[in-house]
């Protein structure tokens with residue numbers, strides 16, 4: 001018996017087993033995709049378990065209930081008022097990404113390749129106009145050590161505005177050639193669409209977040225015990241719920257014959273295009289979150305009596321647009337991400353009278369969702385090391401300052417302020433953020 005137990009422990013601690021355990025998310029995702037392929041009626045929208053409610057509402061609500069339990073109310077409200085970060089993410093999510101994808105689709109359309117379906121290109125444009133995803137970017141931002149409070153606020157704001165912005169962008173991109181054939185029925189179902197989106201965002205994001213905040217403030221000891229229990233036993237509720245959300249999306253897509261309605265060449269094209277465009281958008285989001293020229297234009301804080309009034313006002317307005325690393329990670333996850341939970345509703349509502357093309361329209365969105373989660377999961381470890389590197393550097397600088405009794409006051413202030421402070425208060429360190 002002892003020999004068998006030691007053998008099991010040896011196998012469990014083997015390097016191959018450790019690697020498989022580290023990739024548990026993708027292994028579970030692959031299993032769920034296979035189940036969705038052969039039993040799509042189980043978790044699809046309108047299926048056996050009514051996935052649009054049990055998963056579309058229940059799983060997303062649990063994620064934000066968890067977020068509400070672990071976030072301080074004062075910090076949450078401060079992040080809600082961070083208009084600079086919200087403006088940056090909204091411009092990236094709606095305007096920049098959709099315009100770039102539209103340009104690529106025009107180029108592909110001009111190539112006139114018969115293997116690339118015309119309605120798949122419309123699906124790409126629709127995917128690019130969707131708001132940021134509801135669940136995955138919150139989970140990835142939290143795991144990477146980014147500003148999850150800002151991410152939660154952005155999910156609420158972005159999806160609320162997406163109900164109005166997405167249909168308007170679709171009309172703008174499809175009201176003339178070369179994509180006039182894909183223009184949805186103008187005005188049909190838009191009012192109902194707004195109602196559904198408001199209901200879903202309210203019930204799955206706002207209400208559980210509010211309930212979590214109430215529980216946290218009324219029962220702080222019980223909340224701390226619950227969160228400590230999850231942390232002690234490595235229970236990752238957010239990741240489990242995200243797997244179920246993707247399971248429901250794939251079930252809906254397979255049930256509507258989304259992957260069999262287009263050619264294999266088109267599917268391969270979408271896989272590589274989605275991967276490349278997501279990585280490109282992540283890099284673009286980094287450039288928007290930490291533009292190098294701001295440090296060149298504003299190398300130091302305004303000096304009383306020496307700096308001009310123009311420099312002082314310009315510094316206060318533009319310098320906070322160079323975000324901290326925590327906020328930058330949130331921007332890099334929220335900017336390129338596109339929601340499938342609300343995206344399916346946005347697409348089906350606009351193309352309700354074109355059911356024969358609905359499967360083709362959903363293919364780019366479903367594939368983009370799984371690829372963005374896989375790629376973002378890879379970025380988590382990179383971003384975490386990026387933050388930890390500065391945390392270690394700040395710690396070494398602080399210890400050196402304590403040993404030296406005659407330390408420059410300016411240096412002490414810069415260390416005390418810290419890189420990791422959010423830009424919400426607009427108290428920007430004198431030293432340049434790393």
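Even glycines carry a Cβ here, placed using N, Cα and C.
Here Swiss-Prot flags 425 as phosphoserine. Under the heading topological domain 'Cytoplasmic', Swiss-Prot lists 1-15, 72-87, 140-149, 221-234, 286-327, 384-434. The topological domain 'Extracellular' feature in Swiss-Prot is assigned to 37-50, 109-118, 171-199, 256-264, 349-362; the stated evidence is sequence analysis. What Swiss-Prot records for 16-36, 51-71, 88-108, 119-139, 150-170, 200-220, 235-255, 265-285, 328-348, 363-383 is transmembrane segment, and it gives sequence analysis as the kind of evidence.
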How about the transmembrane segment (119-139) and the transmembrane segment (51-71): do they have 3 or more C-beta pairs under 8 A, pairs 6 or more apart in sequence? yes
Which whole-number mean pLDDT does the model give the topological domain 'Extracellular' (109-118)? 90
For the transmembrane segment (150-170), the candidate among 51-71, 200-220, 265-285 having the most Cβ pairs under 8 Å is 200-220
Beyond the flanks of the transmembrane segment (51-71) by at least 6 residues, Cβ under 8 Å: 43-45, 134-135, 138-139, 148-149, 152, 200, 203-205, 207-213, 215-216, 223, 226-227, 237-238, 241-242, 244-245, 247-248, 251-252, 341
Where among 88-108, 235-255, 328-348 do we find the most Cβ pairs under 8 Å to the transmembrane segment (200-220)? 328-348
Across the topological domain 'Extracellular' (256-264), DSSP labelling yields 1 helix, 0 strand, 8 coil
Does the transmembrane segment (363-383) come near the transmembrane segment (16-36), with 3+ Cβ pairs under 8 Å (pairs 6 or more apart)? yes
